[in-house]
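Enquirer: I have a structure I would like to understand better, so I am pasting it below and will then ask my questions one at a time.
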Amino acid sequence: MQAVVFDLDGVLTDTADYHFKAWKNLAASIGIQIDHTFNEQLKGISRMDSLERILEYGGRSNDFTLIEREQLAEQKNEEYRLLIASITPRELLPGIASFLRELKDEGLKIGLASASKNGSSILERLHIADNFDTIVDPAKLSKGKPDPEIFRTAADQLNLLPSECAGIEDAVAGIQSINGAGIFSVGVGVPPEAKADWNVNATAELTLGELMAHFKAKK
Ligand code: BG6
Ligand code: MG
């Protein structure tokens, strides 16, 4: 194994609640109420795809033009950006700082495969941007997760084969994307149906030794 490719939201830091808050307010402004159960489906899904799912859920899929939908997505993003403005390194999820250090010390490459267009600025706020050898730009992708494109692109950008990488995700759509790319998948708190190659309950369980052992066992 030569690289680990990370999802961001829910793996490096817990921004899921900020996304939820911003979507909940946006949805309420157009008469749609969403709850935490519904929010699970939005994890890993791009901003526009998330909006489409909310409109469909509220029976309002045909009520807005493309320009209006873009404005709604922008409105959500403005609130989200206010919420993430005060993120500090304290919001790194447990175990992530030491896991990143271990990877660096062992000379492994580190990549980011997040659907979030706010990814780079969140890495800066968490003070971990320098650890990343590559960041996939989600704006350049033709398909979002669960399509494998984002994880395949991360391996390409690192000049590695998918079989030389591991990917870490907290969303079912993300595990499907990693598996589809032919990358060893690690699920953080994802249901077994997602079929991750290795499941942990929380980021605190991530160590290079354990990851290597599971990676080699699959070969
Ligand atoms: C993913 C989140 O990482 O990024 C999704 O899990 C979010 O909930 C997506 O919709 C897009 O994020 P952004 O910051 O570009 O709106
Ligand atoms: Mg995630």
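Think of each number as a place in line: the chain as shown, counted from 1.
Yeah, the Cβs are placed from backbone N, Cα and C, and that goes for glycine too.
Unlike curated entries, TrEMBL annotations are predicted automatically.
According to TrEMBL:
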ACT_SITE  Asp7  active site, nucleophile
BINDING   7-9, Trp23, 42-47, Ser50, Lys76, 114-118, Lys145  substrate binding site
BINDING   Asp7, Asp9, Glu169, Asp170  Mg(2+) binding site
ACT_SITE  Asp9  active site, proton donor/acceptor
Enquirer: Fewest neighbouring Cβ atoms within 10 Å: which of the binding-site residues Arg47, Lys117?
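Expert: Relative to the other binding-site residues in Arg47, Lys117, Lys117 has the fewest Cβ atoms within 10 Å.
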Enquirer: DSSP secondary structure for Glu169 (Mg(2+) binding site), reduced to helix/strand/coil, please.
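Expert: Once the DSSP labels are grouped into three classes, Glu169 (Mg(2+) binding site) ends up as strand.
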Enquirer: Hey, how far is Lys117 (substrate binding site) from the residue listed as 'active site, nucleophile', Cα to Cα, in Å?
Expert: 12
Enquirer: Taking ligand 2 as the reference, state which of the recorded positions Asp7, Asp9, Lys117 have a Cβ closer than 6 Å to one of its atoms.
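Expert: Cβ < 6 Å from ligand 2, in sequence order: Asp7, Asp9.
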Enquirer: Could you find out if DSSP has Trp23 (substrate binding site) as helix, strand or coil?
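Expert: For Trp23 (substrate binding site) - judged by DSSP and reduced to three states - the answer is helix.
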Enquirer: What is the separation, in Å, between the Cα atoms of Glu169 (Mg(2+) binding site) and Ser114 (substrate binding site)?
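Expert: Distance (Cα to Cα, whole Å): 10 Å.
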Enquirer: Using a 6 Å cut-off on Cβ distance, which of the binding-site residues Trp23, Gly44, Lys117, Asp170 come close to any atom of ligand 1?
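Expert: If the test is a Cβ under 6 Å from any atom of ligand 1, the answer is Gly44, Lys117.
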Enquirer: Taking the Cβ of Asp170 (Mg(2+) binding site) as the centre, count every other Cβ atom within 10 Å, in any protein chain shown.
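Expert: For Asp170 (Mg(2+) binding site), the count of other Cβ atoms within 10 Å is 25.
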Enquirer: If you draw a 10 Å sphere around the Cβ of Ser114 (substrate binding site), how many other Cβ atoms fall inside it, taking every protein chain shown into account?
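Expert: Its Cβ has 27 other Cβ atoms within 10 Å.
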Enquirer: Just to verify a number: CA distance, Asp170 (Mg(2+) binding site) to Trp23 (substrate binding site), in angstrom, no decimals.
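Expert: For Asp170 (Mg(2+) binding site) versus Trp23 (substrate binding site), the Cα atoms are 19 Å apart.
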Enquirer: If we count other C-beta atoms within 10 Å, could you say which of the recorded positions Asp7, Asp9, Glu169 has the fewest?
Expert: Asp9
Enquirer: Cα-Cα separation of Ser114 (substrate binding site) and Asp7 (active site, nucleophile), in Å?
Expert: 5
Enquirer: Which residues, same chain and not among Asp7, Asp9, Glu169, Asp170, have a CB within 8 angstroms of the centroid of the CB atoms at the recorded Mg(2+) site?
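Expert: So the additional residues around the site are Phe6, Leu8, Gly10, Val11, Lys43, Gly44, Ser114, Ile168, Ala171, Gly174, Val188.
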Enquirer: Name, in the order they occur in the sequence, the residues of the same chain whose CB lies under 8 A from the CB of Gly44 (substrate binding site) and which sit 6 or more residues away.
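Expert: Listed in sequence order, they are Asp7, Asp9, Ala115, Lys145, Pro146, Glu169, Asp170, Ala171, Val172, Ala173, Gly174, Ser177.
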